[in-house]
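Q: Take this structure first; my questions come after.
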Amino acid sequence: MDLSDLETAVALPFAADTSFDSVAIGVLVTLASFTTPLAGVLLAGYVARLVRAGSRDEATLSTFDGVLGMGVEGIRLSVVLVVLQLPAIAIAGAVLGSSSTPLTVFAAVADPRTLQYLGFSAFDVAGLVVAGLAALAGTYIGAAATVALAREQSLVAAVPVTRALVGDRAFFSVVSASALVVFGGRLLGFLVGTVPLVGVVLTAGVSFVTLVAAATLLGRGTNVVSKRALRPTHEPERDAVGSA
């Protein structure tokens, strides 16, 4: 995976062969996801479709055909992603208790030492750190599960694939690249969101392009990782035949 994969993923919604209807529907569904979780579930199913398309190196943007199947796939993926974040939520909830979460987060970012003035002990701070690490681990495993579910379209069959991806060091770089795309997209979305009147629509557009780029990059990068993983098993056989 290199810079060309990133350029291809970002440019996919603007490709000449891409249907305008797919982009328009995608932006509208993304806009709806800001207010209703049902649209978010549909987007989760679309992410799985994008990952599959990315693994096949498709040059056009996936359509929103087969909404029912996409919804079922979105529900399956959403449940898995939520379950993977439950440990972090449970730890953070136990530490924070009834305290003001926004105030705590702001204080921790501004100056971690201010947590002591909010009644947090060193044990509480350690708990928040553990919760953050659990959230990162859940996100990483969730990326592997997304790829596995997109490929296998079955929870049972996706388990060994997820385990293999999590243990692959090369997959970490793929997830990191996708995460950087998401971070950059959210930052750009925040900036365009300040534009009067059309800020929300622009944010939805940027968010959709970011989703397409990150999911496509995840599929393309994982496909490259899989191909590299297969090389060592074939090259020695080729060398042995050549030497014979």
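Just so you know, glycine gets a Cβ as well, placed from its N, Cα and C.
The following feature annotations were taken from TrEMBL:
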TRANSMEM  23-48  transmembrane segment
TRANSMEM  77-97  transmembrane segment
TRANSMEM  117-150  transmembrane segment
TRANSMEM  170-191  transmembrane segment
TRANSMEM  197-218  transmembrane segment
Q: Do any residues of this chain, six or more beyond the ends of the transmembrane segment (23-48), have a C-beta under 8 angstroms from a C-beta of it, and if so which?
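A: Same-chain contacts beyond the ends: 13, 61-62, 64, 67, 69-75, 77-78, 81, 146, 149-150, 153, 200-201, 204-205, 207-208, 211-212, 215.
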Q: Report, as numbers and ranges, which residues of the same chain sit near the transmembrane segment (77-97): CB under 8 Å and 6 or more residues beyond its ends.
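A: Residues packing against the transmembrane segment (77-97) from afar: 40-41, 44-45, 47-48, 104, 120, 124, 127-128, 130-132, 134-135, 138-139, 141-142, 145-146, 149, 155.
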